[in-house]
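Encoded as structure tokens, the structure appears first; notes follow it.
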Amino acid sequence: MKRIIASLALSVFCAGLAFAADELTFKAKNGDVKFPHKKHQQVVGNCKKCHEKGPGKIEGFGKDWAHKTCKGCHEEMKKGPTKCGDCHKK
């Protein structure tokens, strides 16, 4: 029974990776933000870093979440954009 549950969980996880968008665009009044999802999957390697509740939409996602989580991760890794104009493009 444990093997069946583990197999189903793995299937759902892999399906999420297979059907995830390559790039997402988030509308913002000071310029849209293009998010290279596939690139982040490859670099971070752990979906739960952002998708804490599992595959799909991120609970609580919005400006405050993105600034805290995305910018915070970039600062922590010393890699990626951290200034407004680096992400927001008009």
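Note: Cβ is positioned from N, Cα and C throughout, glycine not excepted.
For 1-20, the entry in Swiss-Prot reads signal peptide. Annotation comment: Swiss-Prot describes HIS37, CYS47, CYS50, HIS51 as heme 1 binding site. Taken from Swiss-Prot, the feature heme 2 binding site applies to HIS40, CYS70, CYS73, HIS74. For HIS67, CYS84, CYS87, HIS88, the entry in Swiss-Prot reads heme 3 binding site.
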(message) Helix, strand or coil by DSSP: which one applies to HIS40 (heme 2 binding site)?
(response) helix
(message) With the heme 1 site defined by the record as HIS37, CYS47, CYS50, HIS51, how many Å span the farthest pair of C-alpha atoms?
(response) 12
(message) Looking only at HIS67, CYS84, CYS87, HIS88, which the record lists for heme 3, tell me the maximum pairwise CA distance in angstrom.
(response) 12
(message) On the three-state reduction of DSSP, what should I expect for HIS88 (heme 3 binding site)?
(response) strand
(message) So if I measure Cβ to Cβ from HIS67 (heme 3 binding site) and keep only same-chain residues at least 6 apart in sequence, which ones fall under 8 Å?
(response) none
(request) Determine, for the heme 2 site, the additional residues of the same chain whose CB lies within 8 Å of the mean position of the CB atoms of HIS40, CYS70, CYS73, HIS74; present them in sequence order. (result) VAL44, THR69, LYS71, GLY72, MET77, GLY80
(request) Sorry to bug you, but what's the C-alpha spacing from CYS84 (heme 3 binding site) to CYS50 (heme 1 binding site), rounded to the closest Å? (result) 20
(message) Using a 10 Å radius around its CB, how many other CB atoms surround CYS73 (heme 2 binding site)?
(response) 17
(request) Among HIS40, CYS70, CYS73, HIS74, the annotated heme 2 contacts, find the widest CA pair distance and round it to a whole Å. (result) 11
